[in-house]
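J.: Look at TrEMBL and you will find 69-129 tagged as DNA-binding region. Annotation source TrEMBL lists compositional bias 'Acidic residues' at 344-353. What TrEMBL records for 67-128 is domain 'Homeobox'. The annotation domain 'TLC' is assigned in TrEMBL to 131-332. Per TrEMBL, region 'Disordered' is recorded for 337-375. Here TrEMBL flags 39-56, 140-160, 180-198, 264-284, 304-324 as transmembrane segment.
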Amino acid sequence: MFQTLYSYFWWERLWLPANLTWADLEDRDGRVYAKASDLYITLPLAFLFLIVRHLFETYVATPLAGLLNVKEKVRLKATPNAVLEKFYAATTKHPKQADVEMLSKKSGCTVRQVERWFRRRRNQDRPSLLKKFREASWRFTFYLIAFIAGMAVIVDKPWFYDLREVWKGYPIQSMLPSQYWYYMIELSFYWSLLFSIASDVKRKDFKEQIIHHVATIILISFSWFANYTRAGTLIMALHDSSDYLLESAKMFNYAGWRNTCNNIFIVFAAVFIITRLVILPFWIMHCTVFYPLDLYPAFFGYYFFNFMMVVLQLLHIFWAYLIIRMAQKFITGKVVEDERSDREETDNSEEEEVAKNGPLSNGHPVLNNNHRKTD
């Protein structure tokens, strides 16, 4: 049965245009072609990325955070309470009013004290500023290096300037060593992001992030199987062109360099919109949808590849909406926050903390009156 499923999965009509077989893509005369077995290396490389990330965050990002004066907010901790802790861990972190009243009777606390306890307890579980900075530093470093490497791989290729060259001779297009390593490293990195997503900073677009990582892995893998490597290198470089800007803006945001963060974010927003909402749909997707039909009839792989491109494009539109909302706040002079992130919850009834610790900002002592460090 396994052999039957294997045969159906690798049926040539799914992956290749009519009248072509896998035998046409066997290495010969010094020409090397992409093979599915090449991608096995990406899984151990993904775990290697996780190790390198840990070392980078420990020995590079953490000292860098100190140099940039990344300061952690002082968070008021919830008073230990077995009744409330059990409900928090086993039932919900956001109790309804009826639950609050019930817990008030069980724990011997007032309703206001129960509400305050849950606010503080939720704030305790939110990721620290240092964790956010370290994560942004790692992604910034990878995306910047990947973008520079990607441009080095494609800038001297004819299909970088003439998109019809993407399909010249397809699928009998030999693979270059630079293309091989670009693919392996990019795919390994996205596997590592998927493996670590549960422990990374969790944002409101958590589900969209999972969809993005899965769609990217499928798209990169499929483009390798079907020898869409020329189009694939263009798409990967296009995505890396704006990602490092966003991560650098986050880093400066966490460091309290608000003006620098704002300026970088404006550049990021412009690059994101131009690359993801203009170049990708009107140049790259136009290339993958229309140009192949001049060479061969549409087949399953053609439809599948372009379907995954549409999925990515829908995610880009969703994120562009969030970016535009943030850009509007720049124009109106409002405080800018990452629309995807949870905010620290306000605890306005802390008279005793006001007297003890001084003025409070968002329920916590003010550490820096000039900057508000949010993700």
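Note: Cβ is positioned from N, Cα and C throughout, glycine not excepted.
Remember, it's a predicted structure, so these values are computed and weren't measured experimentally.
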J.: Mind checking how the DNA-binding region (69-129) divides into helix, strand and coil residues in DSSP?
T.: 36 helix, 0 strand, 25 coil
J.: Calculate the per-residue pLDDT averaged over the DNA-binding region (69-129) and state the result as an integer.
T.: 83
